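K.L.:
What follows is a single structure, and I will ask about it in a moment.
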């Protein structure tokens, strides 16, 4: 397996992460990227994104509050990413509830590129054509067959797929990881999943093995959450502590403290 200095390599490059994301968590995504050691750019005007992607290190597309203008921008950005060899992370927020989002994902796969799909277990199982339990943008799924769903979807789109829940699952279609770190408090603040998607974009920007980089991003969020909860047991203070601990997280810490089963 490739050397696992994922965070170190990311911080050495300070990658520019182009985010087309939702209005609910745009500030959270920008702040967590800064704390992690990346440089966020929240550029979504459809007449600007093609050029901006060309100078970016990774593109993060979050479908949470998808407008028609964002859809146009996301597709154009993905075309630029394909033309300029920029990795793309897709977060299919709420796709079981709004089928149009699946059409957007398929369009991006057709004309652009997808390197990572990161969603909750319900979203990933839905995209894989499996029965899933969701409510709005939240997953109610118990995680059964989640790794199989990741594997099927990874083969379909030829990309990395990550499904988050009580346990987190990652697959590239052949290899996989199961991550057992985290805290329930991450479900009590809006945007934890969106922030994780941004971290996935940061870690994949300059790291070839994207199964490892995605696993590292999830470990970073989960372990920062565990440490934040040790000092802050209420949602407001926990959110602040989470950002602080992302700032301090290291490769040594995530691989030593991480509870990961490689498949």
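Heads up, the Cβ atoms here are built off N, Cα and C, so glycines get one too.
Checked Swiss-Prot, it gives:
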- 42, 191: substrate binding site (BINDING)
- 118, 164: ATP binding site (BINDING)
K.L.:
Using the alpha carbons only, what distance in Å do you get between residue 191 (substrate binding site) and residue 164 (ATP binding site) once rounded?
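P.N.:
If we compare the Cα positions of residue 191 (substrate binding site) and residue 164 (ATP binding site), the gap is 13 Å.
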K.L.:
What is the total of other Cβ atoms whose distance to the Cβ of residue 191 (substrate binding site) is within 10 Å?
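P.N.:
I get 22 for this one.
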K.L.:
State the count of C-beta atoms found within 10 angstroms of the C-beta of residue 164 (ATP binding site), not counting that atom itself.
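P.N.:
Around residue 164 (ATP binding site), other Cβ atoms within 10 Å: 29.
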